[in-house]
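Lifted from TrEMBL, the feature list:
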type     : residues : note
DOMAIN   : 120-256  : domain 'Peptidase S54 rhomboid'
TRANSMEM : 48-68    : transmembrane segment
TRANSMEM : 130-152  : transmembrane segment
TRANSMEM : 159-180  : transmembrane segment
TRANSMEM : 186-204  : transmembrane segment
TRANSMEM : 216-236  : transmembrane segment
TRANSMEM : 242-261  : transmembrane segment
TRANSMEM : 291-316  : transmembrane segment
Amino acid sequence: MEVPTESKTTQIDEISHNLSFTTSNAGDSSWDKISFFRHRSRQIKRDTWLVSVFVLLQIVLFAVTMGVNDCSGNSHGHCSAKLLGRFSFQSLSENPMLGPSASTLEHMGGLSWKALTENHEIWRILTSPWLHSGLFHLFINLGSLIFVGIYMEQQFGPLRIAVIYFLSGIMGSLFAVLFVRNIPSISSGAAFFGLIGAMLSALAKNWNLYNSKISALAIIFTIFTVNFLIGFLPFIDNFANIGGFISGFLLGFVLLFKPQLRQMPPSHKGKLFEDDMNRSTRLKEQFDRPVLRIICLLVFCGILAGVLLAACWGVNLNRHCHWCRYVDCVPTKKWSCSDMTTSCEAMVSDAQLTLTCMANGKFRIFPFTNISQARTEDLCTLVCS
């Protein structure tokens with residue numbers, strides 16, 4: 001019986017399609033390789049609600065901080081961006097980051113030696129990672145968080161990213177406590193640096209599964225460097241950034257053990273592709289062995305327990321390491337890196353306030369007198385620096 005011509009044509013087309021598929025992929029090893037920073041159209045389609053919540057929460061907290069600061073009312077109009085009224089910024093000589101005063105940052109939960117050691121306000125370890133020193137710091141931090149956080153959440157899901165973010169923030173705050181000074185500091189970069197560390201460990205752990213690895217390392221290094229350099233400015237703690245990065249790097253090996261591979265064609269297309277899939281699976285299993293995860297988890301728990309005990313005992317490593325302050329601060333004419341206790345003599349005359357620094361004899365005259373004790377301490381620090 002004769003087979004219809006149309007059926008013959010269909011069979012020939014199917015055979016030729018299979019042959020062309022096998023030929024086009026012969027010797028192509030890209031099927032078991034994926035780009036670390038994928039194009040947006042190739043990313044795993046997941047809702048990034050977690051990063052959105054983090055960004056919105058930190059914007060709201062910064063707005064609340066500026067409202068509590070109330071520069072126009074508490075600083076007698078000596079503010080930047082006066083048109084913002086209650087939400088205007090402190091003068092650039094006081095806070096170059098376009099933000100609140102030092103006393104406001106301490107009131108909102110920033111880290112300071114006096115609050116932690118004398119008042120035993122340990123809760124500041126949990127509040128400090130959510131604060132920002134100013135508008136400039138907020139934009140840089142949240143911009144980096146959006147770029148890194150959305151990518152990590154799409155690749156590994158919100159639960160693991162949330163664990164890394166929170167634990168890195170806590171670890172960073174504990175690191176900052178060991179080097180904390182009298183000047184209030186915040187550790188909002190610690191949680192973000194934890195995501196950078198986790199991203200680096202994800203790349204290192206699955207090195208053979210990715211292409212364009214040098215470009216990925218360059219992007220990670222650039223983001224790290226920019227945010228670390230910002231940490232030299234006032235009120236931002238670089239020790240918290242270091243602690244957060246170490247935490248994220250270790251937790252990345254513990255939690256990010258299932259990278260999302262590129263979706264590949266079905267195995268019935270040809271044996272060549274089956275071999276590629278088996279090779280990818282073997283590589284994945286090799287990097288997912290539990291020994292590395294267990295070791296990193298033990299190291300993380302050991303470091304966390306160590307810094308927690310040191311923080312509870314009031315250990316101050318600045319007393320044993322005199323150069324460590326320069327990891328967190330670069331001295332300029334505008335501010336000093338010394339950890340001296342500021343004390344000023346106040347003199348009121350003709351509706352003017354004269355503050356004289358007891359440490360160096362510098363003084364400054366202010367055209368007002370009715371200010372709070374916290375605000376007086378802010379101005380004293382400004383005069384003595």
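FYI, residue positions are counted from 1 along the chain as it appears here.
Heads up, the Cβ atoms here are built off N, Cα and C, so glycines get one too.
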Query - Model confidence over the domain 'Peptidase S54 rhomboid' (120-256), averaged pLDDT - result: 89
Requested in this report: Please work out the helix, strand and coil residue numbers for the domain 'Peptidase S54 rhomboid' (120-256) from the DSSP assignment.
Outcome: 107 helix, 5 strand, 25 coil
Query raised in the report: Do the transmembrane segment (216-236) and the transmembrane segment (291-316) share at least 3 Cβ pairs under 8 Å, sequence separation 6 or more?
Result: no
Query raised in the report: In the same chain, which residue numbers or ranges, 6 or more beyond the ends of the transmembrane segment (159-180), come under 8 angstroms Cβ to Cβ?
Result: 50-51, 54, 111-113, 116, 124-126, 128-130, 149, 152-153, 187, 189-191, 193-195, 197-198, 237, 239-248, 251-252, 255-256, 303-304, 307-308, 310-311, 315-318, 324-325, 328
Requested in this report: Could you pull out which residues elsewhere in the chain have a CB under 8 Å from any CB of the transmembrane segment (48-68), counting only those six or more residues past its ends?
Outcome: 86-87, 89, 99-100, 104-105, 107-108, 130-132, 135, 138, 141-142, 145-146, 149-150, 153-154, 158, 161-162, 165, 188
